[in-house]
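J.: Here it is, the structure, as structure tokens.
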Amino acid sequence: MKRIITHALTVAAITVAIGSTQVHAAGIDTTPSLKRLTWTWDGLFGRYDQKQLQRGWTVYSEVCAACHAVKYLRYRDLEGIGLTKAQTEELAAAAEEIQDGFDDAGEPFFRTRIPSDPIQQPYANEEQAKAANGGVAPPDLSMITKARKRGPDYVFGIQTGYPSDFQGEPPEWWIKQFADPKTGEYDFPADKYFNNFFAGHAISMPPQYVDGVVYEDGSSPTQEQGLIDVITFLNWASDPNLEARKTMGLWVLVYLGVLAGFLYALKTYIWRDVEH
Amino acid sequence: MSTYTPPQWNNKYVSWFDKRLPAITLMHKHLIVYPTPRNINYWWCFGVASAMALVIMLLTGIFLAMYYVADTRLAFDSVERIMRDVNYGWLLRYLHMNGASLFFILVYIHMFRGLYFGSFKAPREVLWWIGVTILFLMIMTAFMGYVLPWGNMSFWGATVITSLATAIPGIGQPLVEWIWGAHSVDQPTLNRFFAWHYLFPIIIAALAFVHMWALHEVKSGNPLGIDIKGPRDTIPFHPYHTVKDLYFLTIVLIFFSYFVFFSPNFFAEADNYVPANPLLTPPHIVPEWYFLPFYAILRAVDSKLGGVLLMLASILVLYIMPYLDRSPVRSGSFRPLFRWAFWIFVADCLFLGWLGAQLAEEPYITLIRIATVIYFAYFFVVLPLLNKYEKPDPLPDSISEPVTSRA
Ligand code: HEM
């Protein structure tokens with residue numbers, strides 16, 4: 001057994017050595033790298049903070065909801081961030097009416113929303129969303145932290161990754177890398193914003209400011225804190241069962257750990273007389 | 001063994017039933033008194049662990065299928081609804097999703113065990129062949145399952161892999177369209193993949209029983225690789241292996257639970273949480289991790305047909321293992337040179353897996369070629385040469401000899 005392990009380790013070390021030289025050879029890039037943030041829900045004991053989720057919802061509904069839907073959420077789901085049933089009813093009723101089939105005359109029938117209805121979306125359809133945003137529809141945000149690599153860090157990176165507030169203005173390092181060395185000319189779409197972390201760097205979303213949002217207690221967050229709050233909300237929207245999952249996981253691990261201990265003892269006992 | 005004498009069942013109902021269908025005697029013979037080598041180690045527990053993974057996949061899969069909708073417009077949403085609105089739907093889905101990875105980890109270790117200890121050698125060739133067939137079916141099942149959530153990686157993965165069949169000269173294109181049931185991966189494809197994804201695991205389960213049938217005919221091998229010579233070499237399955245297996249399965253479940261409950265998307269690709277979009281090719285199409293070594297070999301040569309044939313060969317070669325490694329010594333523990341070759345081979349498989357996840361550009365292409373050559377050289381050059389020139393260490397006389405002399 002020991003011999004097997006030494007062999008395995010030697011060979012593994014050689015593989016890693018070959019692998020790592022490759023990584024270095026390929027890694028020349030001046031793009032800023034995505035910051036690794038810590039989130040309240042990280043780790044075995046990670047949880048959401050309900051107050052923070054509610055602040056995040058406020059940021060979402062006052063800023064992002066102008067362009068982005070959270071289509072997998074219904075008003076009643078907001079009880080998951082600590083709103084009361086009455087509050088979800090109130091929010092639903094305050095939203096735009098929703099079409100619910102047709103009336104007796106065959107005309108579209110509209111009614112007030114109730115908590116089991118989806119949260120109001122900014123656009124009636126994909127085409128309208130595109131037309132209002134320079135030809136690109138803002139993606140649904142109720143899955144966004146799952147649908148991007150290192151989702152929460154990425155969303156933060158996107159929101160803080162604008163070197164300029166204006167369209168068609170790429171930063172120095174990018175121009176150095178991509179401009180024609182002779183003429184100094186470069187090719188960046190005039191109607192797009194530059195973003196450090198967006199694939200291809202040309203993004204249709206203008207920089208967003210969340211420090212103007214007013215929370216329930218009357219305070220306003222810093223830009224950074226507002227973003228952290230809204231990303232926390234978006235992560236909950238992507239993964240609303242996270243807390244239930246981690247709680248169950250801890251019990252499962254405790255149960256299996258104790259069971260493994262007993263079974264190991266039983267195994268040792270049963271095998272006590274067997275030479276093997 | 002022919003020495004088995006069925007017990008007398010005292011309970012009159014048991015006895016009545018057993019006379020009409022000897023199921024109870026069968027279980028007594030195969031789960032209680034079944035003789036196993038006394039020296040088998042924990043590497044021999046990966047078979048039963050694979051069986052547990054299969055059961056987890058079948059159970060969670062059946063329940064997921066009660067909510068899943070195989071319609072290109074609804075499939076993605078139906079999976080998301082399972083995660084959000086079905087009671088414990090997130091648990092079902094994460095168990096099934098990570099269960100596939102668990103299944104492959106266990107089966108791959110199970111197979112490497114076989115390669116190291118010579119489990120494919122006489123008299124276990126048929127047992128091994130059934131195993132390789134199971135691996136083939138597992139690969140197809142996992143591939144089709146990955147298509148079902150109809151994420152963007154599902155769609156593009158399905159398109160890339162099924163299109164490989166176009167490499168077959170002449171009938172390639174019509175064959176692919178016949179598989180698709182359309183002119184591209186579309187509604188008919190999704191529909192039939194769902195049907196096959198439900199069917200194949202049932203075939204796997206049936207083959208697993210045949211696997212056990214063959215096993216119980218020839219009995220388990222052991223780390224010394226020598227035959228059972230008498231009752232001194234064996235212990236009954238129960239209670240010795242029942243308790244050992246239960247302990248081992250619990251450890252496997254702890255490992256599995258960590259991923260299911262604390263890092264359920266560890267093995268997942270973010271792009272598969274984006275709905276399928278035929279107009280939006282993901283920047284980097286990669287298969288699930290368990291296909292990566294094969295995916296690397298696929299890209300080892302410039303010709304598409306060549307790549308497909310190499311990839312098939314990399315699995316098919318396992319069928320002829322009994323004829324490639326003809327050393328009469330089964331266990332690698334008594335073969336000093338083989339041991340080195342084996343661990344280099346294992347490292348090469350892992351390296352191929354890493355390469356499979358890289359972009360198809362230099363220096364990776366060259367490295368893939370080198371690793372592919374090493375992969376096939378192991379089977380066709382190294383093993384035959386070793387059989388000829390290696391001098392194995394002396395084998396003990398019996399399984400019980402080294403253990404009793406150590407005591
Ligand atoms: C559904 C997947 C599979 C299940 C449930 C399964 C189950 C088992 C079990 C319970 C055993 C006896 C315990 C052990 O030796 O680990 C076994 C033995 C064996 N399996 Fe599998 N197996 C599977 C796949 C495979 C595959 C893919 C291969 C090889 C290609 C394979 C080859 C073997 C061999 C050669 C043995 C006998 C080993 C020895 O005793 O030396 N099995 N299998």
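From the backbone N, Cα and C atoms, a Cβ is placed for every residue, glycine too.
Grabbed the feature section from TrEMBL, which reads as follows:
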| type | residues | note |
| --- | --- | --- |
| SIGNAL | A:1-25 | signal peptide |
| BINDING | A:C64, A:C67, A:H68, A:M205 | heme c binding site |
| TRANSMEM | A:248-266 | transmembrane segment |
J.: Counting across all protein chains shown, how many other Cβ atoms sit within 10 Å of the Cβ of A:H68 (heme c binding site)?
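T.: Around the Cβ of A:H68 (heme c binding site), 22 other Cβ atoms lie within 10 Å.
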J.: How far apart, in Å, are the two Cα atoms that lie farthest from each other among A:C64, A:C67, A:H68, A:M205, the residues recorded as binding heme c?
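T.: Greatest Cα separation within the listed binding residues comes to 11 Å.
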J.: Could you tell me which three-state DSSP class A:C64 (heme c binding site) falls into?
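T.: In the DSSP reduction, A:C64 (heme c binding site) maps to helix.
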J.: Could you name the residues, excluding A:C64, A:C67, A:H68, A:M205, of the same chain that surround the heme c site, i.e. Cβ within 8 Å of the Cβ centre of those residues, in sequence order?
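T.: Sorted by sequence, the hits are A:V63, A:A65, A:A66, A:P122, A:P138, A:L141, A:Q208.
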J.: Provide the three-state secondary structure of A:M205 (heme c binding site) computed with DSSP.
T.: coil
J.: Residues with Cβ closer than 8 Å to the Cβ of A:C67 (heme c binding site), same chain and 6+ apart in sequence?
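T.: Result: A:P122, A:A129, A:A132, A:N133, A:P138, A:M205.
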J.: Enter the number of other CB atoms within 10 angstroms of the CB of A:M205 (heme c binding site).
T.: 20
